[in-house]
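Notes follow once the structure below has been shown.
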């Protein structure tokens, strides 16, 4: 995701807001079309404020942003009404809370953020950020160890090795750097960082404080809950932090086991398998569903398995639950008891695994303890805070709780850092008096294995189900990285891009990529979905040659849409 | 671009099939004359208009697996992409004709599909018949397993059943499958007694890779197969015996040796003094092998370049110790037990060491460092009466010495007197990138001096 969008300061924008809507209406009779996205809307509506500021920074959720110190549009505002201490209090300074806070300041809201632990939340401290550091190492290790790959470049490399502590330090240093960038950006904008656990006492009233040191009670016009999640540990599994660990421990890389079992083959498990196998471990996956990588488009999953699992030192047990995991002690290895996920019987022939370590990557559970939800009559559902499509919290009677919103992992809509940030921005838009609904189908997701996997929108089975229900036709187009010049130059021809679209309208329903830099490539597709761009239009967009982005270029060009270009070039520009 | 997923169908069904593309028909009945048995051949599909041959990336199904309509069976790599190929027929995958990693032209059979269990045996026979006609590289004979006749879908899907508590690591499992090693017969030496990749490698006779973190099982570069190998005349009644692991290793080493530029230098050495010494020390258990190894080692001390190795074509690697590998024939194989530090051990210790090595070699208990750490090789065929021969330089060494038989030879000395002396011909093959003619000549001169004045050997 890229954060730099430059807006022309000249009053003539090539596309005006009304043009845009017309385009939509012309080719999109269906009401569930993606009418707008936050970014575009924001960009145009805030044009007025450009006059007062020399710098305009559209708010996009991205880690790259943390590296910038913003010239604030204005300092943290004074409350519009003196009745409240703050216009907005955000509970949780993770990526979601941070994104919301930045946008709130821009909108002139007096904002505070309550954090009971460290600024940055899971993503920065125990998630996406440090794991990217480990994956950067594993990617290089993998390349250096692949003699065949090196030879095909004509390179000679002596045996590659690594220093575990050095690798661990890299991850840790990255996390602290991003954490301080994040803290500084909040401070620079004048957001008050209130340390302690935040508890809602009543609507518009909350307290915070560290255990024992007394609480402070404050009032706020609006409250956003952004408390995130913690690793989920199914019952029967004893986590000792040494031989049986969660991602929290694994990211510290305190040891590299010879053989590690990874329970769960989603994003987290898959990324760690990439790290561990590159560092020399053997891996056994334990997956409750019948196939590995259950969240991915099946075709992508199949290819990914062929590249990321089969040739590596990995085996797997699918359709099984790990009912009991005992850490290594008294000279015995880690013991894992398995049962068949369907019959609940011990799985034959092997019902117990003995390994050096086990990583529990079964997902994440929302963290809402101590939030005081009972004070506003809210009951969590499987731990999640129930919300409507505008992130407004719903109480036990199914009614909206005024002035309380919940974003990110705590609401469980889409457990991704950037989704949380986008939800936060959406809430701030509403608080500033503009209705806004975030289109979750335009939010991309990525798995940073080598090569990477990325996706946006619907998978093929989901799209098929939807098309049958709603009675439209779908088509699938695919291109291979094998035909891409840049990929071949890098000797990374393994990969596939897949487009699921409506041949009648050219609407993009989903894009899935497996291949080199897939995580960076997906944004052309996610932006197209967010902006409602059609296949027949985007295929005329020019891509630099030779680049990996031509994989998507070819993908769009290979799609067969029955309508012609909906919006020919509006104006001839002589060059 | 080919359509996303292809299916194969049979031309038996003449009615319309719900196929995406007509070109996807690539399964046809084995023969039109036998109507009852419906064994179908699975053909290499044409995945693109430019495709002439395809590589089998992987068989998703194994022999004996039940297939149902629409299931992916095999992954084929074309010039453009990898495609899953689906079956359009229910049946049993009776035989795989073209294995993973191998290539076949478009339209040629890559596997056989039987309609029911009874036909599997027939299909297998058919498959092996096909193998014998085809180029050797493309057709490893289908393993004649009895269990395929059971052919329940579960029978073939799971790795070897562990009856006792056999713990095998993921990579060890993969290696075992690849090298056809039965893990149930191994004794694990890994942590907690589990079977480690090294255990499997040892059982398969592979020396463990130096880089044991190497990942991505790259398809091993196929040995240079003689093109058009099928044109060798078939002599009726010949039997084909596959290489044992040891023989395969020898074969591989020999082919590899072709990449090294070698040359040979011969030298006659008088052995009367050596023979006399041998008679004297023989009762103490000293063997001729030990004497020759000791002499070679002593000569190498003075000519370290002959004990060096050229590893990358750019540098000399001077070996810190002198390890004399001695070639011995063992039950149809060839192995080179190594006398380590032969220059430092005395004759008696060396002889004793040699005896141990030979015993271990017979029992197949040599440890890798006991047969692959040589820096110089000695090969002696003198005991068979061979008077001269030349040896092939084993990869990774600088020189090898071929010793012929010692026999009485008429010699004319500088004064014109004739005499009869025992002489043996010694022929050294060396890597000319690092060892030049003068080096070998000087080395042989030293060696000859030592043999002709062998007292120094006993010190």
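Glycine is no exception: its Cβ is also placed from the backbone N, Cα and C atoms.
Sequence-distant neighbours of residue A:545 (active site, proton acceptor): residues of the same chain at least 6 apart with a C-beta under 8 Å from its C-beta are A:485. What TrEMBL records for A:545 is active site, proton acceptor.
Cβ-based neighbour count (10 Å, all protein chains) for residue A:417 (FAD binding site) stands at 25. The feature FAD binding site is assigned by TrEMBL to A:132, A:198, A:227, A:228, A:229, A:409, A:415, A:416, A:417, A:418.
Taking Cβ-Cβ distances under 8 Å and a sequence gap of 6 or more within the same chain, the neighbours of residue A:268 (NAD(+) binding site) are A:247, A:361, A:363. In the three-state DSSP assignment, the secondary structure recorded for residue A:268 (NAD(+) binding site) is helix. Annotation source TrEMBL lists NAD(+) binding site at A:264, A:265, A:266, A:267, A:268, A:269, A:270, A:271, A:287, A:363.
The average pLDDT computed for the domain 'FAD/NAD(P)-binding' (A:86-424) is 92. Under the heading domain 'FAD/NAD(P)-binding', TrEMBL lists A:86-424.
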For residue A:417 (FAD binding site), the one of A:264, A:270, A:287 that lies nearest, given that the binding-site residues are compared by Cα: A:270
For residue A:270 (NAD(+) binding site): intrachain residues, at least 6 apart, with Cβ closer than 8 Å: A:293, A:304, A:308, A:447, A:449, A:453
Residues flanking the NAD(+) site, with Cβ no more than 8 Å from the Cβ centroid of A:264, A:265, A:266, A:267, A:268, A:269, A:270, A:271, A:287, A:363 and excluding those residues themselves: A:262, A:272, A:293, A:361
Local Cβ density at residue A:229 (FAD binding site) - other Cβ atoms counted within 10 Å: 22
Cα separation, residue A:264 (NAD(+) binding site) to residue A:415 (FAD binding site) (Å, whole number): 16
Site with most surrounding Cβ atoms, counting all protein chains shown within 10 Å, from the binding-site residues A:132, A:264, A:415: A:264
Distance in Å spanning the most remote Cα pair of A:132, A:198, A:227, A:228, A:229, A:409, A:415, A:416, A:417, A:418, given for FAD: 30
Subset of binding-site residues (A:264, A:266, A:287) lying within 10 A of residue A:229 (FAD binding site), CA to CA, in sequence order: none
Cβ packing number for residue A:287 (NAD(+) binding site), 10 Å threshold: 24
Residues A:264, A:265, A:266, A:267, A:268, A:269, A:270, A:271, A:287, A:363 [recorded NAD(+) binders]: greatest CA to CA distance in Å: 15
